[in-house]
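Below you'll find the structure I mean.
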Amino acid sequence: MTISPPEREEKKARVIVDNDPVPTSFERWAKPGHFDRSLARGPKTTTWIWNLHALAHDFDTHTSDLEDISRKIFSAHFGHLAVVMVWLSGMIFHGAKFSNYEAWLSDPLNVKPSAQVVWPIVGQDILNGDVGGGFHGIQITSGLFQVWRGWGITNSFQLYVTAIGGLVLAGLFLFAGWFHYHKRAPKLEWFQNVESMLNHHLQVLLGCGSLGWAGHLIHVSAPTNKLLDAGVALKDIPLPHEFILNKDLLTELYPSFAAGLAPFFTLNWGQYADFLTFKGGLNPVTGGLWMTDIAHHHLAIAVLFIVAGHQYRTNWGIGHSIREILENHKGPFTGEGHKGLYENLTTSWHAQLATNLAFLGSLTIIIAHHMYAMPPYPYLATDYATQLCIFTHHIWIGGFLIVGGAAHAAIFMVRDYDPVVNQNNVLDRVLRHRDAIISHLNWVCIFLGFHSFGLYIHNDTMRALGRPQDLFSDTGIQLQPVFAQWIQNIHALAPGTTAPNALEPVSYVFGGGILAVGGKVAAAPIALGTADFLIHHIHAFTIHVTVLILLKGVLYARSSRLIPDKANLGFRFPCDGPGRGGTCQVSGWDHVFLGLFWMYNSLSIVIFHFSWKMQSDVWGTVDADGTVTHITGGNFAQSAITINGWLRDFLWAQATQVINSYGSALSAYGLLFLGAHFVWAFSLMFLFSGRGYWQELIESIVWAHNKLKVAPAIQPRALSIIQGRAVGVAHYLLGGIATTWAFFHAHILSVG
């Protein structure tokens with residue numbers, strides 16, 4: 001254990017604030033561009049409004065004072081939380097006022113969730129489809145009903161109260177954001193005190209947060225869900241406060257409650273095994289994880305995080321110092337190792353944000369897979385439309401976060417990187433052999449691209465020539481994903497050894513039986529074959545290209561052979577000035593711009609793979625004799641092995657519903673499908689445009705206005721190159737995502 005000298009410890013964990021550092025001035029805030037001297041002068045050209053949006057949240061450009069930047073970010077976090085609370089409150093309010101939640105609760109297998117009723121202004125009420133239970137509305141696929149049932153909400157009054165609570169929290173967060181910037185603003189050393197921050201985040205936020213949630217799950221969710229599963233009528237289920245205040249109600253369901261806390265203090269914890277379970281698998285009534293397993297998990301997580309929060313050295317001379325951990329972290333081939341990273345992460349919020357976004361984005365994609373492999377909420381697994389939508393949602397959110405990680409890493413390199421601090425450490429060494437990294441990665445991308453695409457081209461050719469025996473397929477030349485099958489197998493078998501007390505395997509997707517709920521498949525083993533091997537290599541190709549673009553942007557953000565002084569040009573610039581041809585699209589920003597297209601590219605294929613695979617091999621109905629009928633009848637293995645198969649049997653075949661939706665409750669998706677294609681096509685006008693073309697056009701239009709004496713005071717300007725690209729990529733992604741939304745929804749709501 002390390003004992004530290006007192007002089008280095010005296011500044012730890014003292015809450016240090018400045019009083020009233022920045023006056024609250026509505027007059028100042030009302031002036032557009034008040035944060036930037038040149039913007040505050042007002043608009044001379046139309047470029048002003050673009051710069052206003054570009055710089056409003058770019059705190060680095062408002063001031064170079066790290067303390068003030070830190071306070072602005074901290075305060076903005078509270079504002080962000082307030083917005084999230086208002087947003088959640090609005091959704092919960094819809095559930096209370098405009099939904100069929102209680103009808104769904106009493107018959108979740110036959111009633112579909114709806115929380116939006118369209119007003120009949122010019123006939124829009126056609127969108128209010130019959131969702132069962134005598135209710136007409138738009139079917140929602142957000143999974144909120146399943147979440148609310150998991151929470152233990154049994155009536156709409158509870159939803160009203162929760163919605164009001166969300167608004168109260170939003171108000172508190174707004175107040176906190178104002179208070180901690182204008183009244184009591186933390187000093188820089190408070191933001192840089194990483195050990196105290198880790199203690200607070202790990203123990204209080206994650207540890208106590210999980211502990212509090214475990215308490216809710218044990219005292220409210222588990223008993224409520226147990227009664228709902230048993231078919232008890234909603235009006236007969238005790239309310240949450242009754243479970244909490246009347247121990248007898250819980251004792252009836254979980255007898256160990258009668259023993260109170262005695263088993264806890266006598267270390268006889270096994271007595272609590274009736275509500276802290278280790279069942280594994282899914283609840284056969286709801287197709288969701290066991291509520292008591294989830295409670296057990298959150299209790300364990302809480303213990304881990306509370307212990308983790310005690311590891312770091314603050315007021316007392318015991319525990320770890322992050323700086324010491326980093327500076328001692330040297331390997332035989334890493335030079336100075338992690339020396340200097342502490343300075344990077346405590347003086348650059350971009351560096352901090354880049355790592356957080358990369359981790360959180362990766363985690364979000366992992367969550368997408370958990371939602372079908374281990375469905376956490378009751379009746380989620382059999383609501384195929386919701387399953388497809390939350391998978392797609394988490395995949396895309398994860399992609400955006402990862403690209404954001406690369407963006408802020410590049411901004412860190414341009415604005416915050418200090419070569420003096422990073423001498424022969426891991427970051428410096430990576431930068432010094434970046435050519436080897438990028439050229440090898442480029443080779444990998446070319447290899448993967450030609451080989452993965454080549455397998456499909458081979459199959460299309462053989463099928464065109466009528467030679468099925470020569471296809472790469474499960475019935476022709478097999479290319480079985482043997483490593484993936486091996487991993488599935490060991491995960492199916494391992495729990496017998498690693499978790500001998502669990503009653504069921506962790507997830508049915510690795511192997512085991514089919515779980516049906518109400519005649520629909522909730523979970524089943526996902527067998528992998530040649531078709532998955534082929535598409536997996538397309539995934540590998542597109543992900544590697546995305547990484548190539550983003551990593552090149554980060555590693556060459558400060559300099560390159562082409563532009564050695566790139567750091568002086570900033571994070572975003574169109575070209576290296578007039579007179580140097582061939583230097584466009586090299587800025588850090590441009591790599592993010594290009595990376596976004598490949599992110600969208602790669603993740604579209606991921607969600608297409610998931611959608612078709614699940615409809616073909618997992619989702620479907622189960623007859624009384626156990627016969628399973630899948631939605632697309634198992635056509636994935638033979639159709640997904642050719643490009644023509646993807647076009648004909650997936651895109652075209654499954655677009656039937658959206659194309660034929662006019663005149664039905666799904667017609668909005670038909671309009672969206674059309675409109676989003678237009679938005680996507682509109683983006684190309686910005687992406688394939690020349691700035692001079694538009695400037696010439698604008699000047700002739702301004703001439704005409706001058707002739708008529710109606711010339712504008714603010715001079716119109718064509719979009720800059722970067723503005724055009726930003727508008728283009730935004731519409732490209734919006735159009736693409738909304739097209740996919742309409743395509744998926746119309747199809748899965750019809751057949752699912």
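Cβ coordinates come from backbone N, Cα and C, glycine included.
In case it helps, Swiss-Prot gives these features for our protein:
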BINDING   Cys575, Cys584  [4Fe-4S] cluster binding site
BINDING   His677  chlorophyll a' binding site
BINDING   Met685, Tyr693  chlorophyll a binding site
BINDING   Trp694  phylloquinone binding site
TRANSMEM  73-96  transmembrane segment
TRANSMEM  159-182  transmembrane segment
TRANSMEM  198-222  transmembrane segment
TRANSMEM  294-312  transmembrane segment
TRANSMEM  349-372  transmembrane segment
TRANSMEM  388-414  transmembrane segment
TRANSMEM  436-458  transmembrane segment
TRANSMEM  533-551  transmembrane segment
TRANSMEM  591-612  transmembrane segment
TRANSMEM  666-688  transmembrane segment
TRANSMEM  726-746  transmembrane segment
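For the listed features, I'd like the structural context: burial, neighbours, distances.
Secondary structure at Cys575 ([4Fe-4S] cluster binding site), taken from DSSP and collapsed to helix, strand or coil, is coil. Around the Cβ of Cys575 ([4Fe-4S] cluster binding site), 18 further Cβ atoms fall within 10 Å across all displayed protein chains.
A C-beta separation below 8 Å, combined with a sequence spacing of at least six in one chain, links His677 (chlorophyll a' binding site) to Gly735, Thr739.
Taking the Cβ of Tyr693 (chlorophyll a binding site) as reference, no residue of its chain lies under 8 Å away while being at least six apart in sequence.
Neighbour list (Trp694 (phylloquinone binding site), Cβ cut-off 8 Å, at least 6 residues apart, same chain): Ala718, Leu719. Secondary structure at Trp694 (phylloquinone binding site), taken from DSSP and collapsed to helix, strand or coil, is helix.
Tertiary proximity for the transmembrane segment (73-96) is limited to same-chain residues at least six positions away from its ends with a CB under 8 Å from its CB atoms, namely 57, 59, 115-116, 142, 144-145, 148, 156-157, 159-160, 162-167, 169-171, 173-174, 176-178, 180-181, 186, 191, 349.
If one looks beyond the transmembrane segment (159-182) by at least 6 residues along the same chain, the residues whose Cβ comes under 8 Å of a Cβ in the stretch are 20-24, 71-72, 74-79, 81-83, 85-86, 88-90, 92-93, 95-97, 101, 148, 153.
The list of residues near the transmembrane segment (198-222) in space but at least 6 beyond its ends in sequence, with Cβ under 8 angstroms from a Cβ of it, reads 150-152, 240, 243-244, 250, 253-254, 275-276, 291-292, 294-295, 298-299, 301-306, 308-312, 314, 322.
Sequence-remote contacts of a segment are chain residues at least 6 beyond its ends whose Cβ falls under 8 Å from one of its Cβ atoms, and for the transmembrane segment (349-372) they are 69-70, 73, 380-381, 387, 390-391, 393-395, 397-409, 411-412, 415-416, 509, 610, 614.
Same-chain neighbours of the transmembrane segment (388-414): 141-143, 344, 348, 350-351, 353-358, 360-365, 367-369, 371-372, 546, 550-551, 553-554, 557-558, 566-567, 570-571, 588-589, 591-592, 595-596, 599-600, 602-603, 606-607, 610-611, 614, 737, 740, 744-745, 748, 752, counting only residues six or more beyond its ends whose CB sits under 8 Å from a CB of the stretch.
Among residues of the same chain six or more beyond the transmembrane segment (436-458), those with a C-beta under 8 A of the stretch's C-beta atoms are 430, 471-472, 479, 534, 537-538, 540-541, 544-545, 547-548, 551-552, 555-556, 641-643.
Within the chain, the transmembrane segment (533-551) has long-range Cβ neighbours (under 8 A, six or more residues past its boundaries) at 402-403, 406, 437-438, 441-442, 444-445, 448-449, 451-453, 455-456, 459, 472, 479-481, 484, 591-592, 594-595, 598-599, 601-602, 605-606, 609, 640-641.
Non-local neighbours of the transmembrane segment (666-688) in the same chain are 126-127, 129, 138, 657-660, 719, 724-725, 727-732, 734-739, 741-743, 745-746, 749-750; each lies 6+ residues outside the stretch with a CB under 8 Å from one of its CB atoms.
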Who are the long-range neighbours of the transmembrane segment (726-746) in its own chain, taking Cβ under 8 Å and residues 6 or more past its ends?
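That would be 141, 385, 388-389, 392, 396, 593, 596-597, 600, 604, 607, 611, 654-655, 657-658, 661, 666, 669-670, 672-673, 675-687, 719.
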Reported as an integer number of Å, what is the Cα distance between Cys575 ([4Fe-4S] cluster binding site) and Met685 (chlorophyll a binding site)?
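Distance (Cα to Cα, whole Å): 21 Å.
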Give the helix, strand or coil assignment DSSP yields for Cys584 ([4Fe-4S] cluster binding site).
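The residue in question, Cys584 ([4Fe-4S] cluster binding site), is coil (DSSP, three-state).
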Cα distance, Met685 (chlorophyll a binding site) to Cys584 ([4Fe-4S] cluster binding site), nearest Å?
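Cα of Cys584 ([4Fe-4S] cluster binding site) to Cα of Met685 (chlorophyll a binding site) measures 19 Å after rounding.
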What same-chain residues, at least 6 away in sequence, bring their CB to under 8 Å of the CB of Met685 (chlorophyll a binding site)?
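Expected: Gly728.
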